[in-house]
Amino acid sequence: MARDQLLLALLCLAASSLSAQAAGTDGRKMVGVYELKMGDFSVKVTNWGARLMSLVLPDSKGNLADVVLGKDTIAEYVNDTSYFGPITGRVAQRISRGRFVLDGKVYHLYRNDGRNTLHGGGRGFHKVVWTVKEFVPDCDSPYITFYYRSFDGEQGFPGSLDAYVTYRLSRPYTLGVHMSATAPDTATPVNLLQHVYWNLAGHGSGDVLGHTLRLFASRYTVLDGELLPSSGRVAPVAGTPLDFRTPTAIGARIRQVMGGKVVGYDANYVIDGKPVSMRPVAQVRDGASGRAVELWANQATMQLYTGNWLNNTKGKDGKVYNQYAGFTLETMGYVDAVNHPEFPSQTLLPGQEYKHDMVFKFSF
């Protein structure tokens, strides 16, 4: 508790935005907010959790809006339980019973989701300060790279891990999120994830049930009531409320879906095509604003989540987020692969490199 209070005090002191001039050697060690901008297209990120805090772009009439749900200040993210915009890890999503076996040894993790471990544990990568390795705001393709050294035994995981994430803007209206990691000394599971909530009409503008969604996924991972793949089974989406192979309103069949213990999507899709290669994952459009986004990525699966647990949640600019106020498109490896040998392995060996690339292409 004392450690969290100290972190909060330090974050409150450093929560103001840092300009390019302030991001020198000393600034890179502080917790701050960094902006990347290309004309009327901009994002803000922070090294607290390597988090995407905002993304502003025009609609079909030229009106600007921030389409990312979040908080006003870094300090407000310290006790956030909704995972607004961070990189999560060392292993994202759930690990059954907070345990796994690697090379014959049983590892017990910090359990922060009932009997299970969620998004790396209570102090996963979303709850740590990343180092700003590079911040290049003044170029044709502005970018920032964050780095985090996860220590051996952190939240129960074996070995140390060097993790990187780069946020990069490019034309026209494209955001790249590039994650990588290496294990210097010991094999360890790795499954990083970017957990941003989108609302293409603008954050705080109501629900996203009218957004049309197309997914390039003809199969899904069957999850149980704890959102774990207890059976290890993959099934076709055809004939189910999970079928978005043709553009369909997010809310068209949402009342038929239980996202864990509440109504809504919290479903894991197997992306069509060959993993490791960049391929289309999703297309989403908001008819009222005309804004649309197309996601490409190189991971095996994608978690669609519709903000089922948001309930009178305080957001940015005095806005309040309620159920279905945003959606996530979380590309990643298979859920709980460490406990399912039938799924592709997520174990990273020394000398190997983990790579996770996402590209969001916006239009209006």
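Glycine residues also receive a Cβ, built from the backbone N, Cα and C atoms like all the rest.
Where the annotation comes from TrEMBL, it is an automatic prediction and has not been curated.
Residues or ranges marked as signal peptide by TrEMBL: 1-22.
The annotation active site, proton donor is assigned in TrEMBL to His195.
The beta-D-galactose binding site annotation in TrEMBL covers His195, Val196, Tyr197, Asp266. Spatially close to Val196 (beta-D-galactose binding site) yet at least six residues away along the chain are Leu52, Val68, Leu69, Phe84, Gly85, Thr328, judged by Cβ distances under 8 angstroms.
The active site, proton acceptor annotation in TrEMBL covers Glu330. Less than 8 angstroms from the CB of Glu330 (active site, proton acceptor) sit Ala92, Gln93, Leu193, Gln194, His195, Met302, Gln303, Leu304, Tyr305, each of them six or more residues away in the same chain.
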Shell of the beta-D-galactose site beyond His195, Val196, Tyr197, Asp266, same chain only (C-beta within 8 angstroms of their C-beta centre): Tyr83, Phe84, Tyr305, Gly307, Gly326, Phe327, Thr328, Leu329, Glu330
Fewest Cβ neighbours within 10 Å, where candidates are the recorded positions His195, Tyr197, Asp266: Asp266
